[in-house]
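Note sheet for the following structure.
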Amino acid sequence: MEFPYMEAVVGFMILMYLFETYLDLRQHAALKLPTLPKTLEGVISQEKFEKSRAYSLDKSHFHFVHEFVTILIDSAILFFGILPWFWKKSGTFLPLLGLNEENEILHTLSFLAGVMIWSQITDLSFSLYSTFVIEARHGFNKQTIWLFFRDLIKGICLAIVLGPPIVSAIIVIVQNGGPYLAIYLWAFMFVLSLVMMTIYPVLIAPLFNKFTPLPEGELRLKIEKLASSLKFPLKKLFVVDGSTRSSHSNAYMYGFFKNKRIVLYDTLIQQCKNDEEIVAVIAHELGHWKLNHTMYSFIAVQILTFLQFGGYTLVRNSTDLFRSFGFDTQPVLIGLIIFQHTVIPLQHLVSFGLNLVSRSFEFQADAFAKKLGYGSALRAGLVKLQEENLSAMNTDPWYSAYHYSHPPLVERLAAIDAADKKEE
């Protein structure tokens, strides 16, 4: 008797949905609390708290609906055999175009084209509502409907240009990888990740946003001085026009070896009137670099990727596994999709573990910025970002432990304050 892999996967998906919905309900109850956490009393204004509460509750209600529809569709696709049906149907279009239906690469690309169309149809209404109703209602959305669809079309065009060669390469590697398949797949994805990290900020990101050098002035001098003091190889300092789409703010850095760049959202500069607050946020980001957090995270991702491919090589020839999901053939892409579904339990555990590590890194980066003398400015900057982004002020501990890669503001301020008391 064959093991019911598909039924087990669908069952676990539903169990995880119920568990995560329970956490969502706990968080929803926390968001409804009418008062600020004691740590934030006198720090966050009541007006900002009320706005944050309304925004968070709107997003929470939307999340409940979106997740319910998602689990309903995903479970139906697997349980009612829609996935194998769609795979077979996607092959029937190839002869109409004069192409060989037996060519797995062409069949896979036809399948992915259909999946992309389907995902755009199912996701579009949610994206539009999130952007033009929820984000607009709370003053965040700044993009027009034209800009929204222009970005959507650009994203589709990029997928059409970049997707086929990547998918084709993966299929060829799997078909010819032999006993060293896991190594070949990992090596390909490793090189691909380096290439994408190189070309994304130079060729892809500018398709969606405008990057301009940070003007000469006190802020630029302070950031360059900080980078120099830490021997951070800063080559370029940009401002990105995030305000064309949203009033949310952020800052990040990227680049390899001696070619590092820092990007500030124009909204961050507008919201933080005090330069020291912005520099403190950058000090936090540089802390991640100085403490090798980026390198550790990259290594962890590579190890997990290799282990995933190793697991895939063990099950890719399992006829029972494919048959359980309704397939009488063993296409490479379908094998990867099925494998991803069968390791969902491990993925959730790994994600939880990575979140714990990430939260620890955030505390360390805060402590690093504080040691540089930016404790009070960082505190003020974190509060300002929390206020301007209308982030949740009250968080359920179980929910944040499971979902958050960054500690809640209350915990970060408490850690900074605790360090101050130790110094005293």
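Glycine residues also receive a Cβ, built from the backbone N, Cα and C atoms like all the rest.
What TrEMBL lists as transmembrane segment is 6-23 (among others).
Per TrEMBL, the feature domain 'CAAX prenyl protease 1 N-terminal' maps to 27-210.
Annotated transmembrane segment per TrEMBL: 68-87 (among others), in sequence order.
Panel annotation: around the transmembrane segment (155-175), residues 104-105, 108-109, 112, 116, 120, 181, 184-185, 188, 192, 204, 207, 316, 332-333, 335-336 of the same chain, lying at least six beyond its termini, place a Cβ under 8 Å from a Cβ of the stretch. The feature transmembrane segment is assigned by TrEMBL to 155-175 (among others).
As annotated by TrEMBL, transmembrane segment applies to 181-203 (among others). Residues 166, 169-170, 173-174, 254-256, 261, 302, 305-306, 309-310, 312-313 of the same chain lie 6 or more positions beyond the ends of the transmembrane segment (181-203) yet place their CB under 8 Å from a CB of it.
The domain 'Peptidase M48' feature in TrEMBL is assigned to 214-418.
Just so you know, the Cβ of His288 (Zn(2+) binding site) picks up 19 other Cβ atoms within 10 Å once every protein chain is counted. Summarising the annotation, TrEMBL assigns Zn(2+) binding site to His284, His288, Glu362.
The active site annotation in TrEMBL covers Glu285. Counting every protein chain shown, the number of other Cβ atoms lying within 10 Å of the Cβ of Glu285 (active site) is 18.
Sequence annotations record features per position, and here TrEMBL assigns transmembrane segment to 294-312 (among others). Within the same chain, residues 181-183, 185-186, 189-190, 288, 335-336, 339, 343, 350, 354, 357-358, 361 sit at least 6 positions outside the transmembrane segment (294-312) and bring their C-beta atoms closer than 8 Å to a C-beta of that stretch.
If you take the C-beta of Asp366 (active site, proton donor) and look for same-chain residues 6 or more apart in sequence within under 8 angstroms, you find His284, Gly287, Leu378, Arg412, Ala415, Ile416. Under the heading active site, proton donor, TrEMBL lists Asp366.
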| request: Give residue numbers and ranges for long-range contacts of the transmembrane segment (68-87): same chain, 6 or more residues beyond its ends, CB-CB under 8 A. | output: 6-7, 9-10, 13-14, 17, 107, 111, 114-115, 122, 126, 325-327, 331, 334, 337, 341
| remark: If you measure between the CA atoms of Glu362 (Zn(2+) binding site) and Glu285 (active site) and round to the nearest Å, you get 9
| note | Averaging pLDDT over all residues of the domain 'CAAX prenyl protease 1 N-terminal' (27-210) gives 92
| field | Sorted by sequence, non-His284, His288, Glu362 residues with Cβ within 8 Å of centre, Zn(2+) | value | Glu285, Gly287, His293, Phe361, Gln364, Ala365, Asp366, Phe368, Ala369
